[in-house]
Structures are given as C-alpha cells and as structure tokens.
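According to TrEMBL, the features are:
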type	residues	note
ACT_SITE	172	active site
ACT_SITE	200	active site
ACT_SITE	268	active site
ACT_SITE	271	active site
ACT_SITE	294	active site
ACT_SITE	303	active site, O-(3'-phospho-DNA)-tyrosine intermediate
DOMAIN	17-108	domain 'Core-binding (CB)'
DOMAIN	129-316	domain 'Tyr recombinase'
C-alpha cells in the first residue's frame, strides 16, 4: 500500500492512506461536532504528530491502522519516556495522552481500531495549580495605564476596554476577542447591562457589565476606524483584522515592565483577579462559577485556596495577636 504525506503541523509525516484519512476525519470531528477551539485542535494535532513520528521511528515504516491495533502498553510508555527525556513537562504529556485517547476513541467508534492498551495508561500526576491573582491596586494600575504605548488614540481605547473587560467581567481572553459588534448592539451604553458570552464548548452565559465598562466599550467602538457592521469583530488590530491574543499578551507584557509586575501578570491573571476579588468581597462560589463559565464547581473552588492564603498573610502581618506570638517566638 502506498504511503501518503499527511500535514500534521508542525510535522510532515508519511502515513498509510487509511490512517491519514482517519486523522483528517478526526480533526473535522473535533472542529464541527466537538466545537473545540482552534488552539486546542492545533495542540492535539501536534501531540498526535509527535506520537506518529515516534511510531515511525519505532517501527521503521510509515504507520497505518494495523500498527495502531498492535500497540502495547510498553509502546505508549516508551513514547512518554522519550517525551520526558526531551524536556516535556508533565502537563504537556498529560495533554498528549488526552489527544491520543480522543483519536483512539474516534477510531473505535468508526470501527477502525480497537486497542485497550492506551486505556491502561495513566497520565502523569500534575501539581495542583493555584491561580495567581493581582492585588486590587495592581489590577487597577493595569487598567489605568492600558494604551500608554499605543500608536493611535483608538488603540489606547481598545486596550483599556479589553483589559477592563477581563478584570471587570472575568472573561477569558479568547472570549473577549471573539466578540463581534453585534454583541454591543443592545441599545447603547446605558441600556447594555450585560453581555452574552460564548465560552468553552460553545456554552453561552450572561455576564453583567458595570457602567464604567459599558462606557469604555462604547467609547472604543465609536473611535475604532474599522468595520461597523454587526458581524465585524469588536476588537481589531491596527489593520482591521480580529485582534490576536498574542498582541494583547504583548501589550500586557509592556505594562508589566512599566509597573514592575511579576511575569504571572497575564491577561488570564486579570480573570483570576476578578474571581479572587469577588470572593474576598463576599461573593458566593456558585455565583462566581456562573460568571466565570466553569462547568464544575471544583474548578471555582481553587479560588478559596487563594483567598485563604491571602487572608492568612494579612492576619500574620496585621493582627495584634499574631504579632505578639511572633515576638514571643523571636
């Protein structure tokens, strides 16, 4: 059987035609049925490409569906061992296992490949990550100084509106950048009290907007010199295309340097700060879960760890009894 070259960015792989076609069908399924984000799909394709390259070197020929059927647990463990030796962190290996399991489940449903060995492979144990939030003063500084490096006044308004939306409404950067002008077409600055946001898995949620955020969004939208049609993107770059996350990250990196903030001060940290400050102000977890668009309350509960840590630090620094105890130990 003649092998074909499959485009699995960033690798060009030689695969048997049946496997190459199945991988493309899997990608289309992720896109149209699972509605996975382009970022997730690109990451999954890279992970699968890395595994298929390993398999090519391991078997000495272009792999096909039969090769996938014959894989044993030791083959998968060998691939993970090589990935770790090349510097892949546990989180990357865990995602790669998830990508492979997704592909193999798809192949099994299509009656193409049955392989139980992958199901016995456990992903590496990951350290429980606690979100890093900015202080309220730091987050406000980011909003106040946003756009200071902008080349045009409208870009300055754009950056300020974007960062206000992340911190003031808790949007993911991808959610904010996917907004279109139609999302503001609800009667103007005074009538627009909420946004309908499309989050992960195409789930929609309603997010309330503070008057200051509404005003900033409308001011930017009015000043922006590009597309005014409802289907046009809300946040655009200097050439009028939809703004990329990389540009937003770069602008925040410049603000980090200006304000002396840590490397953890990213667009996503503004979302973390939104949740942490709401919790500190008395917000309940269920409400915060809805605002953030978390499908599981356990994800939102991580913020209780952040808040407890901050409260203990404040107690140790400020409470008279804590200071007396420290003096006795000294």
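Any Cβ shown, glycine's included, is placed from N, Cα and C.
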Integer average pLDDT (0 to 100) for the domain 'Tyr recombinase' (129-316): 79
Cα separation, residue 172 (active site) to residue 200 (active site) (Å, whole number): 10
Active-site residues compared (200, 268) - highest count of Cβ atoms within 10 Å: 268
Alpha-carbon spacing, residue 271 (active site) to residue 172 (active site), which is rounded to whole Å: 7
Residue counts (helix, strand, coil, in that order) that DSSP gives for the domain 'Core-binding (CB)' (17-108): 76 helix, 0 strand, 16 coil
Lowest local Cβ density (other Cβ within 10 Å) among active-site residues: 172, 271: 172
Rounded to the nearest Å - Cα separation of residue 268 (active site) and residue 172 (active site): 6
DSSP-derived structure type at residue 172 (active site), helix or strand or else coil: coil
